[in-house]
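**Q** So that we are looking at the same thing, I have put the structure below in structure tokens.
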């Protein structure tokens, strides 16, 4: 029940943030659409996030959380705080150096990140300006990730999971001003969004710093030193840096290729935002909860608890992700219409974005499986194996992106991303199984086929409902579209819930009880 409660706690907070994210993206679609300002800001926003996933959510967190959790479990809070403070100093020094170099070299970096923008000097210059404003967000969000790791290792999940909502709230406020003050589709809109990025990052950091102090896990800012703890952290993080770098190379290559076609960067961004909802709620939630739990269980030698945690996480992930993927495939166009089609976002933009969404959604279960399988390696301080498999995924992604883009444009990039995701997930899962570190129990082998069957039935119902509701989705009134989507999603959810409840796959009464008990 504790595992389920933690899933619900993190998932609930993440879901709230993602809903706010959709409100943000709806405002952004109306304010800047898929034009040059949108492309310029999205590159500016993606650039610090590229390094963030490298230093924060990727290599650093994967190495830091198991070490911090094991130190906290075995040596106490005082020693854990000392190690955390040393890690904070080392990370901050690296972040400051990266930020200074990037700010100075932003023009040549932009030629690498978005070479297609060079054909439009005004768009290129705006991209450089916006990226220079937004880039310090890297430092803020990376420190937020470190403090979030401290809280998660201590079993405190709520504050870290809730903090991202603040960025979306600030974005919505900035976009509301842009629209109401008549700055839609102007450089002023991009500048406002870039400054909003910094303000939101600062608020997120403040929340987790305060929460860690209240939890008795506050860190001190000390002089950076190469201590044994920092050396061990660096040794574990280095393969993760390579692995994270490989992942980010995929994103960079996708952006480079997409920049060659007008609007492609924006189409991929808006589609990515939609499939990131289930990925963020389910995949990120499971990764956040699993990693510190597995680290403690492995340290204690409790293989029975390790297998239980992995099996229940796999079950929970697929029970929520498979139906989400099928639903996004069969009603991609209505979903994009409801969320984005207004203002500067046209019907043609909807068609292009929906095509990318379908391609991304095919890979959605694989992206979640990567989140489920990876903690088993990181908790055992094995960061090299995921690195090699990420490299395989990169090769697959690059080759397919280059091969498909001339024929399928941005959709080819989305297809390549999904195929690479499946390659990575299969390699991770097969390796754990071969090592005896992934032992599916009877419940998993029974329930997963039932999940697929129930999802297929739900998909058929939703597809049929979508055809019947086409007149409502084609209506220009936002409330009509939203109402039709709410009914359609509600019907699909009801059908799926009844089927899995009757099949004994998931007890929704336990989920509701856990939700009511979460703090």
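The backbone N, Cα and C atoms fix where each Cβ goes, glycine too.
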**Q** Match it up for me: which of 8-26, 27-45 does TrEMBL list as transmembrane segment?
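**A** In TrEMBL, the transmembrane segment feature sits at 27-45.
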**Q** Do we see three or more Cβ pairs under 8 Å linking the transmembrane segment (445-466) and the transmembrane segment (478-500), pairs being at least 6 apart in sequence?
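**A** Yes, since the transmembrane segment (445-466) and the transmembrane segment (478-500) share at least 3 Cβ pairs closer than 8 Å, they count as touching.
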**Q** What stretch of 27-45, 274-295, 353-373, 478-500 shows the most Cβ pairs under 8 Å to the transmembrane segment (157-180)?
**A** 27-45
